[in-house]
């Protein structure tokens, strides 16, 4: 039964990715004062199906000196990692594929495996552009995983549980995004960098690295990387909605997640690319010192609050 639920979830995520790509192209079209996709289906809504058909019907071109096994396996690692993260997301009360008391730890462990897909893709292609792109990607992803992990640990410290489902109940009185607004903003910036989306798309900067670690990929194996990127965007948008906006059930959670997913598109259309050294400095010189300072301040504040409550409750100590 659990395998059927996993299959339904995977297909639902892939369908959502298809519509997200259409929404992105339409939104970018409006923001750049052009029409965007409008020929395939009503209002261009079936453009994703046309794109998928075009890519899947093309020939898979494998570089002569590439390590063929790793070249084919690496996009699968990225996609499976991106899809398995969804198994701990509570879509409604009791509707979770794997409702674990260690949900956040599992999420961090599974998502970190996706870095290996990117690294191996760049190395196996035997191309300097791919290799440079994968090195950049690995450094960027590892750096910003530290940011996301630290913020999640701070939320665990405040919430007192690692079960993702519990955070919907905990935030019924007040969303974490209100008292922890600076952390929520840092978390969102970290999510954009973790997905290597503009303005942090130095991994596949067209003017420098063609398509980064995906330069030598074509047809269906390129589609796997494409799907993993957009599945990660939707997952991190949903996780942000649960952590800082109280999550929700069904359509409410979907609306909150779509709000964050739209922000990714908005940022792409608005901001220019950040220079790579400034991106890494932003993580190590600004975000991490702030977060480590918060990691000291938040427990001290919680213990002080507990002491005040104990001291002034009827009967005192």
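Cβ atoms are placed via backbone N, Cα and C, with glycine included.
Look at Swiss-Prot and you will find 3-23 (among others) tagged as transmembrane segment.
Swiss-Prot lists 37-57 (among others) with the feature transmembrane segment. Remote same-chain residues near the transmembrane segment (37-57) are listed as 18-19, 21-22, 25-26, 29, 219-220, 222-223 (criterion: CB distance under 8 Å, separation of at least six residues from the stretch ends).
The transmembrane segment annotation in Swiss-Prot covers 69-89 (among others). Sequence-distant contacts of the transmembrane segment (69-89) (same chain, at least 6 residues past either end, Cβ-Cβ under 8 Å): 6, 9-10, 13, 62-63, 96-100, 103-104, 106-107, 110-111, 113-114, 116-118, 120-121, 123-125, 164, 216-217, 221-222, 224-225, 227-229, 231-232, 235, 238-239, 242.
The feature transmembrane segment is assigned by Swiss-Prot to 103-123 (among others).
If you look up Swiss-Prot, you'll see 141-161 (among others) marked as transmembrane segment, on the strength of sequence analysis. Packing against the transmembrane segment (141-161) from elsewhere in the chain are residues 101, 104, 108, 111-112, 114-115, 118, 167, 170, 176, 180, 183, 186-187, 190-191, 193-194, 196, 243, 280, 283-284, 287-288, 291-292, 294-295, 298-299, 302: each is 6 or more residues past its ends and has a CB under 8 Å from a CB in it.
Annotated transmembrane segment per Swiss-Prot: 173-193 (among others), in sequence order, evidence recorded as sequence analysis.
Using a Cβ-Cβ cut-off under 8 Å and counting only residues 6 or more beyond its ends in the same chain, the transmembrane segment (207-227) has close neighbours at 14, 17, 52, 55-61, 63, 66, 71-72, 75-76, 78-79, 82, 117-119, 121-122, 125, 127, 129-130, 132-134, 136-137. What Swiss-Prot records for 207-227 (among others) is transmembrane segment, and it gives sequence analysis as the kind of evidence.
Residues annotated as transmembrane segment in Swiss-Prot, with sequence analysis given as evidence: 247-267 (among others).
Long-range Cβ contacts of the transmembrane segment (282-302) within its own chain (Cβ-Cβ under 8 Å, at least 6 residues beyond either end) map to 143-144, 146-147, 150-151, 153-154, 157-158, 182-183, 186, 189-190, 193, 274. The transmembrane segment annotation in Swiss-Prot covers 282-302 (among others).
Remote same-chain partners of the transmembrane segment (103-123), defined as residues 6 or more beyond its termini with a Cβ less than 8 Å from a stretch Cβ, comprise 67, 70-71, 73-79, 81-82, 84-85, 88, 130-135, 137-138, 141-142, 145, 148-149, 152, 156, 162-165, 203, 212-214, 217, 225, 228, 232, 239. When Cβ-Cβ distances below 8 Å are used as the criterion, the transmembrane segment (3-23) is approached by residues 37, 44-45, 47-49, 51-52, 83, 86-87, 97, 227, 230-231, 233-234, 261-262, 265 of the same chain, each at least six residues removed from its ends.
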